[in-house]
Structures are given as C-alpha cells and as structure tokens.
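Engineer: Please find one structure pasted underneath; my questions will follow.
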Amino acid sequence: MPITFIPAIRILLLLLAVAAATAEKKETYIVHMAKSEMPGEFVDHTRWYDASLKSVSGEAEMLYTYTNVVHGFSTRLTPDEARSMEARPGILSVLPESRYDLHTTRTPSFLGLDQNAAMFPESDSARDVIVGVLDTGVWPESPSFDDTGFSAVPSSWRGECEIGTNFTKSNCNKKLIGARFFARGYEATLGPIDETKESRSPRDDDGHGTHTSTTAAGSVVSGASLFGYAPGTARGMAPQARIAAYKVCWIGGCFSSDILAALDKAIDDNVNVLSLSLGGGMSDFFRDSVAIAAFAAMEKGILVSCSAGNAGPTSYSLSNVAPWITTVGAGTLDRDFPAFVSLGNGKNFSGVSLFKGGALPEKLLPFVYAGNVSNASDGNLCMTGSLIPEKVRGKIVLCDRGVNPRVQKGSVVKDAGGLGMVLANTAANGDELVADAHLLPATTVGETTAKEIKDYLFSDPNPTATVLFEGTKVGIEPSPVVAAFSSRGPNSITPQILKPDLIAPGVNILAGWSGAVGPTGLAEDARRVGFNIISGTSMSCPHVSGLAALLKAAHPEWSPAAIRSALMTTAYTAYKNGKVIQDVSTGKPSTAFDHGAGHVDPVSALNPGLVYDLDAEDYLNFLCALNYTASQINSLARRNFSCVAGKSYSVNDLNYPSFAISLEARGGVVKHTRTLTNVGPPGTYKVSVASDDSVKIAVEPQSLTFGQSNEKKSYSVTFTAGAMPANANGFGRIEWSDGKRVVGSPVAVSWV
C-alpha cells in the first residue's frame, strides 16, 4: 500500500468516528403519552412511562414526569432512540425541547386605578387570588413583597417555598406565598448551574422576575424611584393578590422541559392567574409547550397571560398566539425622562435618559462620531474595544443603536475616556425612545433627530455638544402610543385569530429589582437599586396578569375567556380627541395588527356588560376546524377527542372577541357567528359598525335584548369585499351598546 494513502484512510476513519459520535449525541425530548392506552398490568402511569423509556434506552432517566399539562415525561435520548420511542404503542409524539427567551408607578394612575380603587373589592376575595409568575425567580427582600396587613395564606394554596442557594423557607411570607425553581432540563443540556454566577434556588439574580412579579401584584411602597426618576408610590396592578414565583429562566435561557414542569406544579399549587413574559419560535399548537400547558391551565379556570414579543415593528412577528392564551403587546405611558442634546450651533434636541451621576462640565465639549474615532469597520456601533482612546478622551461620542446592548455602548465610551454619549436610533427603531440608566452622561434620540444631529456633526469643522437632564415629566401627549419593539400581527399560525389581543404599558416601567445586579445588568455596573425602569412586552404582560387578578377577585365565577373578553371589549383604540392610537414606529395611526382590541382600560373592564365566553369544548372544535388529527388533539388536550365525521367545523365559529377575516379580493364573502353572554343588568344592546372601503360589514340582528344575568344571545356578521386597499389590509369595528356600556370588537381584513 502506498504510504500516501494512509492519511486518507485515517481521515475517513476519523470522519466515521465523528459521525458516529454525533449520531449518539443525546438531546432532551418531551414524550407525550396516550394515557388511555396504558396496559392493564400497570397500576401507575409513571411505571408505564419508565417501562416505555427503558425499552428504547437502558441508560436514559426521566427528567420530569408531567401530570397536569402533559401526559408524559421529558428525558435525554439520541435521535435514533427518539425515533424508536415514537414508534412504540401508546406514544403520541416525541418532541425535541425548545429554548425560550425573556421578552425584555405611574402605571396605576395612568390606568385610572388610583382614582377608582373603591370599585375593586377590598375583601378577602382579593387576597385569595394567587398570581403565578414564571420568570427568573424573585428577590424576596424587595419591599414590594411586604405582607403587612395580609391575612393567613389562602386555604386553597397547595404550593411551597423551596430551599436552595441563598434561599430558605423564611424568605416566603403571606404575600410571597410560594417560590420554586426548575433546572433539570437546563442542566441536562448546558451542565450544572455555576452557583458563583447565579443561585440554584428561586432567588432572582437577574432582576427580570422580580420586576414582572411586582408589576403584576407588588405591595404598595411609598417613596419609590430609580435614582430619583419616576418618584412616587409604587404598586402592582393587584396589590392585594398573592404571588407565587416559579424560576425557569437562567443565564443560558429558559427550556421547555422546565417550563412544563413549572406549569404542571403551578396548576397543582392552585394559582388563579399565570404570567409568562417569555417566548420561543412559532410552531403548531400541538408542538408548542407553552400552548399545550396553557390549554390545561385554561381547563382548570386559570387565565394565562403571555407577552407578544419584542420583534416589532415587523409583521408576523408574534409569539404565544394560541387563542386560549391572552397575548399582550406594549404601549407607552404619559411619563417621560427628557435629556436634551445642546449643539454648538445653538439648536437643542430632545432625547431620554435615566442617568444619575456627576454632571458634565458647564461648557460645550468636542463632539465626535464613533465611526470616525474607531479602529473597526462597525465602529459606529461602539462595540467593546472598538474606540480609539486618543480620539475619544474628553469628548462626547455619538454611537448608533444596534447589535450590542444600549447601556454597554456608554460603558465602551467611558472606558475609552469619553465624557458623554448620544445614542442614535436607526431606521430599525425609528423615533421610539427607551430610557436607560446609563453609566455616563448620555441620552437616546430618535432616528429623525439623529439625522439632524449628524448633519451638524458632519458639516461643522469643530462640532461641540453637551447633554442636559430634565428629570421626570408627566402628562406627555400623545399617550399611549404603540411601542416600535412590540410584536405585530397577522398571526402566522392561525391568521383567523387576531393577535395581539390588546396592549398595556410596557415602556419605561418602574417596578421592583434584584439586589444582585445593577440597573443596567452589566457586570461593571456596581450600583444597586430597589426599583428599576425597563421596557418590553415582558413589562406589559404582567400588567394584564395583575388586572386579570383584579377581575377574578371581583367576579370569581368568570372563566379565563370571560376575563379576557372583558379586557378586550372595553379596551380603547383612540385618544380623547378621536384620533386613533399612534404607532411610534411610523408616526401614523396604529392598526388592529399592532394594538389588537386596543389599550387596556381596567375600570371599564370591571363592568363590561356582555362577554364572549369560551370553554374547552369550543377550543376542541376549533382544533377540528384546523384539521388536527386525533393524535395531535390528544397531545394538546391530554384525552381522546374525535372530530365528528361529516360535520362541518369552521374557525370562524370560535366565539372570539375580535375578527380576523381572509377575503377574496373580488366578490369575497365570509360569514361569522358570535354569542354574547350578559354579565350586567337587563338591557337592550344595539349594534354599530364602522369600516374602511375595503370591506362591508352587515350584522344580523341589529339589536339584542337581555332580560337576566348569564342569558346568551347570538348574532351573525357578513363581511363582503369592497375596494382593495393600497396596503393589502382593511380594518373595521363592531360595537354593541346599551347607552352606558360599549362592547367593542376590532375587525382586521387580509386578502387571499
């Protein structure tokens, strides 16, 4: 054999070895079992699960067994073992694990809760409501978890306070009644948690979980602020409700096996509302772990509120779109934190900032563009190590937004000797302004303003600037506006279901924070704060979760669908001057694909008059309309359900509080049916419709008379295609009113 041939053989053998090793690499799978098919020799389903697993792998162990959200378990298997498992009797599906990411005190006043507190119950019913929050855990020392004045923990509560790193049972109290953590799935994929970096316990070392839970149901705390910004009394939406924290998110993300385990426990623990400010990729409902678990929660009467995502303003960018989930987008408050850029040409431009520290010198400073003082091709972004200290020292630097965190850019400028920063939005963010607690004097300006500043910066031979901080301003108009980052419709999984359902405050929100990390989250940020101001649909989601808890306390008999309907049909889509809520990404009126049913109005939601109710049977018929197989429905609903052969199922028949219509461009006609339930006094409701020229809306009958509570009346709507709009979408609205209450439904039309 020629000697030159030996390396080729070695390479081939090496490739084969690598291929074999790759084929044997284990991954986490969630195994869905058909519980009704359990053989008679097994008296316990967990033993059946174990026997099924051992039949394909003698080494594999179950990470979790699930009882409420899934009939099945999670485990680590090779792809070949997973395929073998899926072929076994009684196995519905074997789905690979998904990774989810976080969607990251003026609010009560802005929503009218302070002025109307007497409308909501102060009785024990409010304190019997339990909000479960799945997130990064909880910082129990936060004053927002103070239990002064709280009665004993509700007898319905079946949860517990788990001990772990830096966390004991004494960290829970009558406000924070439960705290658990779930890490088996995370550790199976990424290895043991590094306890020098984060606590292997319910303790929140990130801040996100404390912020979301206190937004939903934090106790009243006077004198709250972030460095003096947004001063006042902080309180969650439902300050009398109890909180149960479920830590499922770690430094490396949130894994579906852990999320399912947490939701399984939360149902066992008897929570009333579940809040999830996280999301993953889009997939069919029978493959979506959050959608599957939310279905089980809905059947138990638990409302599940989820964030829509921060992928806006792109269309089709939504997460968490199952119709049994309440999906929440983000809007702004009427509060701002202005910080002005003053230029050497005498012009001033408005931006926003939460900087608190040493002031800039009382003079204009040399002003430079990061792209001109950098050693990198992307130097305009102020990436770590990209700025040249000799060209930055003692100056104010303009950095473009994008790629790396906004606050990190300021840290880079500071490390290079810069004295201040102007952070410029690009087209991706438009004129949306999100305030940050910068590490040096800095302000963020919108894209339009940034262009004007750059014109000066590039044309003046000796440009100068300074930044002036104005503190906190309220009464900002217009407000709310839809946040540019808020994810938008249409719904890519089921276009016939309009999502998001509604929007709530999600920009510059003050709430509790972890004592383990600074307000920026950067390692170099040594500051510690009790409250922080951050933005995202992560912040809007717990607003709705807390408001749902208020409605649950006031109306314990209402289903999750009734609560969501009350929030949606009373939401508003226009300002007091009649103009439609603005989309900050365009500066134009927003649409139902941006704001859903509109901005939440909790005071009106308390007495909505009529609701669109739904139960599990309605959702099962909806799955039939999607042509799901019996096996797929079983995976989702955890029981046998057969769609009736020959029966005509229609997605249009789902009793949803909004309308998403697909019409043929010429002569297209679609008919929907809806049923309203009276939850107010007897009365007659008359319908009114409004639409653009793209669609004609006809409702029959045009009035509905209700003589008693819980009476149901149905109506039909015929949508007929009109003139094709320029943007390929049309919009309208249907409203029922008894003269006092308005029950509104948005209409969004797409063309096929």
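Cβ atoms are placed via backbone N, Cα and C, with glycine included.
From TrEMBL, for reference:
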ACT_SITE  Asp135  active site, charge relay system
ACT_SITE  His208  active site, charge relay system
ACT_SITE  Ser538  active site, charge relay system
DOMAIN    653-749  domain 'Subtilisin-like protease fibronectin type-III'
REGION    193-216  region 'Disordered'
SIGNAL    1-23  signal peptide
Engineer: Can you tell me the mean pLDDT for the domain 'Subtilisin-like protease fibronectin type-III' (653-749)?
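Structural biologist: The answer is 92, the mean pLDDT of the model over that range.
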Engineer: Give residue numbers and ranges for long-range contacts of the region 'Disordered' (193-216): same chain, 6 or more residues beyond its ends, CB-CB under 8 A.
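Structural biologist: Apart from its flanks, the region 'Disordered' (193-216) reaches 102, 104, 107, 131, 133, 135-140, 142, 144-145, 161-167, 171, 179-181, 183, 186-187, 234, 236-238, 241, 243, 245-247, 249-251, 273, 275, 277, 509, 511-514, 516-517, 519, 521, 532, 534, 538-539, 541-543, 545-546, 549.
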Engineer: Give the distance between the Cα atoms of Ser538 (active site, charge relay system) and His208 (active site, charge relay system), rounded to the nearest whole Å.
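Structural biologist: With the alpha carbons as reference points, the distance is 8 Å.
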Engineer: What Cα-Cα separation, expressed in whole Å, is found between Asp135 (active site, charge relay system) and His208 (active site, charge relay system)?
Structural biologist: 7
Engineer: Quick check on the region 'Disordered' (193-216): DSSP residue counts for helix, strand, coil, in that order please.
Structural biologist: 9 helix, 1 strand, 14 coil
Engineer: In the domain 'Subtilisin-like protease fibronectin type-III' (653-749), how many residues does DSSP call helix, how many strand, and how many coil?
Structural biologist: 1 helix, 61 strand, 35 coil
